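Working notes, beginning with the structure itself.
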Amino acid sequence: MKSDSIKKGPGKAAQRSLLKALGLTNEEISRPIIGIVSSQNEIIPGHMNLDKITEAVRKGVLMSGGTPLVVPTIGVCDGIAMGHEGMKYSLVTRELIADSIECMVKAHAFDALVLIPNCDKIVPGMVMAALRVNVPAVVISGGPMLAGKHKGKDISLTTMFEAVGSYENGTMDEKELCDLEECACPTCGSCSGMFTANSMNCLCEVLGIALPGNGTIPAVFSERIRLAKKAGMAVMDMLKNDIKPRDIINERSIMNALKADMALGCSTNSVLHITAIANEAKVNMNLDIINDLSSKTPDLCKLAPASNIHIENLYAAGGITAIMNELSKKDILDLNCITVTGKTQGENIKGVTVKDYEVIRPIDNPYSENGGIAILRGNLAPDGAVVKRAAVLPKMLVHEGPARVFNSEEEANTAIFDKTINPGDVIVIRYEGPKGGPGMREMLQATAAIAGMGLDDSVALITDGRFSGATRGASIGHVSPEAASGGMIGLLENGDIISIDINNAKLEVKLSDEEIKRRKLNFKPLEPKVKEGYLSRYAKLVSSASEGAILK
């Protein structure tokens, strides 16, 4: 056992004395030591219940003969951080989380890990750490929030952000806004649509690093507690059978995850995170593979924000295993990939069926023959840009209009709320990339305001920043290279004609080669927005969004 390095033999008497200071008996010390990494806190609704998940995992480990020891890690609530300086500190925590777990595992020689995240960056950060330390590991999340109810309709956090736009536009009064506020987020759990947190929790099932049910069992269901106990038991079986994260997450399982991503219509952030996870798994991932997979993978689900269907409905319809089984009917997935159950994906999904074809479309009658995410390229994004095609109105799949250029999210939001954006405009928000932000903020406040003001059928938005999974509309992010690195987005001027063709994966600015060359000669990037602290260090080390915004 790895933990023998801190407990075996006369030379480790001092270390054993410290373990006994924890209250551990000789019997407990002699067993495998299982690190339980919990991101429980009292600021994220999706993490407030993780103490209960942690206790259930502990029981599962104990039932199977291990000694569980709980260690913490940080987490940011993207919704609370949205629309202000705080959003600069969201994506950057992914690397902090991965690094801190690596430190704890290596320093204390844990034999195996159970990782307990729930929301946006915490999930990929923990998966990245699992691959890096490569000891047996299981991910068990806290589960999705139930949808809110208002006047007989299901609502979510997207409803709230868009309601702010409606209020600013004068189409909603303050009483209605406050009524929505009271019921949009009714329970603990990750926000109720196919936003980033739920996207990643669902994709953990497909990667094989989480048990079936991880992505969709609601946070408030007792079944979630039972699943957590099973996770604690499963990691002990993995330790016994020497199954490690790099045995599970490899090129084949990553391709499975990308295909499921297409079928589910996941958040565009999933592209960023899967790319970063692939890097930790030593898998070379080119963004162009996404369009290739999208052309072969139908879109089977339209979940919020693309519709009013939520994760609880996906759970009732059969969950991720049902979607995988549907995809398997056309041999889209590699079902021979091993998982944390010790079985293959094919064995895991055997006998599972779709219970509601209104939620999960049959493979022969999809919403679209193409997947939910597209990579765009062109002179405006030679290294790629990402759009959630499944959440774009059909009339906006092809759009051409004049650029309205802003050097920060705040500038753009002011223009939107001041009602100076016209139908047909293409809002450009730059210097919000991994380096330029720094931290690659999400533009949910801007996109939600556009939708709330009724402009989502005529206005597009492009940025070198990111979008929340709660964003809908012609919102194109991750434009690479970013402005701070001299990318074309930094050369744009008000009035430049932007051409968007999502059907043909194109993103262009209509300028002559001579004009582009002239602008490049005169280009001077803005001064760094942050010159001290963690963000300053991050900006110096972070890679392009096209590489997953990993640190190098």
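A Cβ is built for glycine as well, from the same backbone N, Cα and C atoms used for every other residue.
Given the structure is predicted, the values throughout are model-derived calculations rather than measurements.
According to Swiss-Prot, Asp78, Asp120, Lys121 bind Mg(2+); the candidate from Glu411, Glu432, Glu442 that the record adds to this site is Glu442.
Note on Cys119 ([2Fe-2S] cluster binding site): other Cβ atoms within 10 Å of its Cβ, all shown chains, come to 28. Each of Val76, Ala81, Met87, Ser90, Leu91, Cys119, Thr196, Ala197, Asn269, Ser468 belongs to the same chain as Asp78, Asp120, Lys121, Glu442, is absent from that list, and has a C-beta within 8 angstroms of the C-beta centroid marking the Mg(2+) site. Spatially close to Glu442 (Mg(2+) binding site) yet at least six residues away along the chain are Asp78, Met82, Met87, Ser90, Gly465, Arg466, Phe467, Ser468, Thr471, judged by Cβ distances under 8 angstroms. Every protein chain shown contributes to the tally, and the Cβ of Cys191 ([2Fe-2S] cluster binding site) ends up with 31 other Cβ atoms within 10 Å. DSSP gives Asp120 (Mg(2+) binding site) a coil state; it is part of no helix or strand. Proximity of Lys121 (Mg(2+) binding site) to non-local residues of its own chain (separation of 6 or more, Cβ distance below 8 Å) is seen for Gly75, Val76, Asp78, Ser90, Leu91, Thr93, Arg94, Ile97, His273, given in sequence order. Note: the CA-CA distance between Cys191 ([2Fe-2S] cluster binding site) and Asp120 (Mg(2+) binding site) rounds to 10 Å.
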